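Some features that TrEMBL has for this protein:
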TRANSMEM  6-27  transmembrane segment
TRANSMEM  60-81  transmembrane segment
TRANSMEM  93-113  transmembrane segment
TRANSMEM  125-149  transmembrane segment
TRANSMEM  155-183  transmembrane segment
TRANSMEM  246-269  transmembrane segment
TRANSMEM  289-306  transmembrane segment
TRANSMEM  327-347  transmembrane segment
TRANSMEM  367-384  transmembrane segment
TRANSMEM  391-408  transmembrane segment
TRANSMEM  437-455  transmembrane segment
């Protein structure tokens, strides 16, 4: 990092943290008590603060990583500053833990952008800092910086694990992956993703050698061909059934293999992936979740994905491959018909934006979910098009992880899209400065509207005096 870039990064990060602190103070003045899922998280953390580590709320579905970290930070701070009484583990103090995680995420996002795009010399320090600020302000994540939820900590440890993986510190990466798993069990998928990075790199090296033998140097130009996809799959099978290759890959990824083994042991002993209340978190094959995620990504990355050039290229692709797109359309319609699930929380809780998305869009008519298939296909094509700079093996690996982390979820919940979105956004090529500024401006507007609604547009349910607020 050059000195001018270091100064610029420090100034932007400090300014963003100061702004977050001011917003944090405003939110805590308006909402002093626990709200929504905090009703479960805050008392559980307070029980740990008082040394009651065997006490557990059966309504909590995640492991106790958040509470353990909170106690590990708050207790020493209380001793150091002489805090006593209820302030030590108050809702406000516990929420501040996530503000610290948010600062850590800011730094990690910068390091990841620098590492992933280190070969792109055309990217300036200003662009790296601007992209970091934009991703740190990503609305769905930024909102939960100010509440006591697992998301900021879950993102922190997962991004940290990814960074260590990219630097080749795989034992450290696996350890951080375990910390992420302790915040949210589905983060084990991103441990597999880290291992997959190593495997994809080795596969790509072997694939290049294979192509050189056949005097075929153009790798990326064949990604869209069905015959070459078959060829790649044949290569994959041949490579992965080789004992020599399997031993080599095992030697490289053993820390992740150990962690995944621990995960399966946990699932066996626990009788499932969810702890606590399992009735509302049943796994299912909810394939439309992938379509929702792609739509979500287009919405939040529209400066990169929804451009006239992209639309023209998509229409050209439609004209060139009508049979393939017809087949994709039929498969999409079938998946929506047979595998659409509507969680009871989605229909009942009018505090979440997803409630209004579902009611205003999907519940207008039974055919709406089918009519949206062309939108999903464009979103999927545009999504894949922005990743064409990555190797085919990286794309396959990421897509498998994306399916694993979205499809089993019955509940449509935007928080579940945070990590797959961030990893996608980190890996696409740097856009133009204009598009970066447009993306940042859009995030700022969305955040401003979200916090305005949360703070000022309160409402009450019938037969209840409790104040309700809109949120992600």
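Every residue, even glycine, has its Cβ placed from backbone N, Cα and C.
No curator has checked TrEMBL annotations; they are predicted automatically.
Sequence-distant contacts of the transmembrane segment (246-269) (same chain, at least 6 residues past either end, Cβ-Cβ under 8 Å): 170-171, 173-175, 177-178, 181, 185, 188, 191-192, 194-195, 198-199, 202, 240. Against the transmembrane segment (125-149), stretch 437-455 shows more Cβ pairs under 8 Å than any other of 155-183, 289-306, 327-347, 367-384, 437-455.
When the stretches 6-27, 155-183, 327-347 are ranked by Cβ pairs under 8 Å to the transmembrane segment (60-81), first place goes to 155-183. Counted as Cβ pairs under 8 Å, contacts with the transmembrane segment (367-384) are highest for 327-347 among 6-27, 155-183, 327-347, 391-408, 437-455. Note: the stretches the transmembrane segment (437-455) and the transmembrane segment (6-27) are in contact (3+ CB pairs below 8 A, sequence gap of 6 or more). Tertiary proximity for the transmembrane segment (6-27) is limited to same-chain residues at least six positions away from its ends with a CB under 8 Å from its CB atoms, namely 95-96, 99, 102-103, 106-107, 110, 125-126, 129, 132-133, 136-137, 145-146, 451, 454-455.
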